[in-house]
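Please read the structure below before turning to the comments.
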Amino acid sequence: RESDHRAWTPVTYTVTRQNATIQGLIQGKAYFFRIAAENIIGMGPFTETTKEILIRDPITVPDRPEDLEVKAVTKNSVTLTWNPPKYNGGSDITMYVLESRLIGKDKFHRVTKEKMLDRKFTVEGLKEGDTYEYRVSACNIVGQGKPSFCTKPITCKDEIAPPTLDLDFRDKLIVRVGEAFSLTGRYSGKPAPKVTWLRDDIVVKEDDRTKIKTTPTTLCLGILKSVREDTGKYCVTVENSTGSRKGFCQVNVVDRPSPPVGPVIFDEVFKDHMVVSWKPPLDDGGSEITNYIIEKKDTHKDVWMPVTSATVKTTCKVPKLLEGREYQIRIYAENLYGISDPLISDEMKARDRFRVPDAPEQPIIKDVTKDSAVVVWNKPYDGGKPITNYIVEKKETMATRWARVTKDPIFPGTKFKVPDLLEGCQYEFRVSAENEIGVGDPSPPSKPIFARDPITKPSPPVNPEAVDKTKNSVDLSWQPPRHDGNGKIIGYLIEYQKVGDEEWKQANLTADSCPETNYRVTGLTEGLTYKFRVKAVNAAGESDPAHVPDPVEVKDRLEPPELILDANMAREQHVKAGDTLRLSAVIKGVPFPKVTWKKEDREVSPKADIEVTGVGSKLEIRNTVHEDGGMYSLTVENPAGSKTVSVKVVVLDKPGPPRNLNISDVRSDSCYITWMEPEDDGGSVITNYVVERRDVASAQWVAISSSSKKRSHMAKYLMEGTQYLFRVAAENQYGRGPYVETLKPIKAIDPLHPPGPPKNLHHVDVDKTEVSLVWNRPDRDGGAEITGYLVEYQEDGADEWTKFQTVPMLDCVVTGL
């Protein structure tokens with residue numbers, strides 16, 4: 001019976017075996033079955049299947065998996081994928097078994113116990129350089145099916161492939177503003193390359209409008225609703241460890257231009273036309289401006305009338321205007337992608353803006369001489385066009401005809417020196433201005449002037465000052481006036497006034513008594529304070545006075561001492577012995593200072609000549625010696641103060657004698673000589689030492705070294721037994737100093753030492769009061785023949801030895817014991 005029915009249906013009545021084949025069942029339906037046995041007596045009870053049986057094809061193991069592929073290989077891993085078998089054996093696949101075999105081995109080994117139902121697995125932990133082959137089997141509820149076909153042998157090593165790049169876009173791309181665009185392509189490479197997008201060398205980042213999509217094989221950069229700022233050079237870089245590839249695309253996002261840049265400038269305005277100009281748009285929309293569209297409008301009307309749409313210049317003539325009407329101009333910029341918003345001008349009235357210049361104001365005449373005069377005027381209104389020339393005219397006062405003073409242009413200056421006047425004649429002058437429209441009206445005539453050299457009073461003297469004073473006089477000095485009034489300066493008048501008085505007194509009665517620019521005012525009272533002033537005088541009269549700035553108190557002037565050093569008073573003065581030392585300085589001060597020369601704070605040597613004059617002092621020492629060196633000081637002193645300068649004088653001379661001459665290590669043929677440098681090196685570096693010797697029996701000194709820079713010398717080649725004296729002198733660039741000599745002769749012999757101890761001392765006979773001793777010679781005699789042997793004895797237990805006697809031979813009998 002079907003599992004969802006209750007009625008049983010007989011299958012057969014004649015089954016004599018213990019099995020039966022039931023046919024006519026419907027695949028996919030579930031059935032229960034029951035069986036009863038029958039004999040001649042009748043039918044027995046039924047036996048029923050315990051659970052329903054689903055009708056389907058018989059279940060077997062799965063077929064072999066298909067398309068086993070190697071997807072990636074590195075030095076220590078292999079990645080494999082495969083497809084399921086065509087037939088799963090009638091039951092779902094429960095797992096896959098992946099096996100590997102090392103090439104050279106016979107057996108396959110299972111790689112993992114994972115079920116791998118996603119049909120992909122990476123075998124890791126492999127050894128670089130080993131070669132494997134793989135196979136995979138499918139398992140279902142029945143068991144494991146046949147293995148797939150083996151892969152080719154796979155060697156573990158990093159798989160490397162340089163990047164490739166295949167782009168779907170050209171080198172240039174033009175996009176309208178607001179449109180979307182995308183840059184796509186395909187790439188490959190092992191290891192998987194990194195993909196980077198740049199615009200004008202800056203990394204492109206994703207935002208609301210910018211989308212970047214990268215798969216293992218494809219790449220895409222998309223931009224929605226493009227704007228002008230998206231214009232640029234785009235670069236995609238595909239890079240892995242083996243190299244990189246780049247692709248470029250110049251994207252130009254184009255739009256209509258921005259408006260022309262204002263304001264609109266009215267370069268020229270006339271009653272029937274205007275000339276206007278403007279500046280190009282800041283943004284041409286990514287495409288060159290092809291033309292400008294210019295329109296005009298009468299402000300009383302609402303209609304814009306075309307002027308031109310064909311100009312590419314940023315200037316235009318607007319014709320056909322009505323005089324007195326006000327107009328506005330508007331300008332559009334156009335490129336291949338559209339027309340910009342307009343630039344609209346201010347209102348401008350159509351009328352002639354330009355005329356001839358106005359008449360200048362009345363000119364002023366300056367600097368008149370017997371044959372010339374300078375005409376000065378102010379610039380008039382130029383009529384709207386720049387003034388290009390001035391016309392200066394002259395006429396004699398009684399005449400009626402004006403004449404131009406020059407045919408040359410006068411510009412841009414507003415003054416002109418008129419030449420060629422007749423001395424004594426009276427003249428008037430006038431000026432006209434000219435621009436490109438024409439010549440304007442002339443100015444009113446100037447005031448009449450006579451052509452002659454004027455003489456006026458001079459200007460005051462310049463910078464009067466009190467330069468010196470005593471207890472009854474003051475010395476004044478000044479500079480001539482800046483202007484002599486065109487007349488010779490005859491002289492100067494000097495006046496003085498006691499502070500507190502109102503009356504000025506004359507120091508000189510006539511100007512010619514003081515033709516120079518200095519004067520001594522005498523007869524003043526000591527202790528009082530006076531003011532002074534000076535006037536210059538020419539034929540026209542006296543100038544205004546020039547005052548000495550500050551009142552002057554009449555008393556002897558005090559100036560602190562001042563020393564101006566000569567070159568020989570530098571900080572250090574070198575002079576060779578025997579030459580002349582000169583020290584000098586210029587001295588100033590009021591009253592003249594007292595002069596004092598000192599050396600090392602003591603009086604200078606009597607041999608020094610000291611000279612003091614009213615302007616300085618000089619110290620001179622002839623035939624200098626080394627002792628003349630030292631610190632010299634010059635002191636000048638007066639009631640206002642004192643000043644001292646010092647100079648170190650070095651007298652360059654031969655050095656002094658070396659010190660501490662010592663002889664040591666005397667041998668039969670040599671000795672060692674040492675010494676110390678002289679206390680005085682003569683002001684110059686010691687260059688070398690001279691060492692000499694002399695046999696006491698000879699008067700002749702012999703040099704043994706003349707170039708030693710050291711302070712020691714080994715004297716060799718001495719005669720044994722000879723007595724010698726030695727001496728040493730120092731030299732510098734100025735000569736050789738005195739010698740230092742050994743105090744007593746040195747004998748050339750090897751040094752003597754005490755002999756060694758006698759050897760093998762023993763007794764040969766003993767008596768009750770004496771002992772007979774013998775011994776052998778010592779190993780060393782100390783450098784001299786042995787003269788005897790000293791015998792001593794000591795009682796056992798005592799501290800001191802008792803001398804017995806000295807014997808010449810190698811035996812002795814000690815008695816008295």
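Cβ atoms are placed via backbone N, Cα and C, with glycine included.
All annotation found in TrEMBL is predicted automatically rather than curated by experts.
As recorded in TrEMBL:
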- 1-58: domain 'Fibronectin type-III' (DOMAIN)
- 64-159: domain 'Fibronectin type-III' (DOMAIN)
- 163-252: domain 'Ig-like' (DOMAIN)
- 259-353: domain 'Fibronectin type-III' (DOMAIN)
- 359-454: domain 'Fibronectin type-III' (DOMAIN)
- 455-481: region 'Disordered' (REGION)
- 460-557: domain 'Fibronectin type-III' (DOMAIN)
- 561-646: domain 'Ig-like' (DOMAIN)
- 657-751: domain 'Fibronectin type-III' (DOMAIN)
- 757-817: domain 'Fibronectin type-III' (DOMAIN)
Do any residues of this chain, six or more beyond the ends of the region 'Disordered' (455-481), have a C-beta under 8 angstroms from a C-beta of it, and if so which?
487, 489, 492, 494, 496, 517-526, 530, 532-549, 552, 554-557
Helix, strand, coil residue numbers for the domain 'Fibronectin type-III' (259-353) per DSSP?
0 helix, 50 strand, 45 coil
Is it possible to list how many residues within the domain 'Fibronectin type-III' (359-454) are helical, extended or coil according to DSSP?
0 helix, 34 strand, 62 coil
Averaged pLDDT, computed only over the residues in the domain 'Fibronectin type-III' (657-751):
92
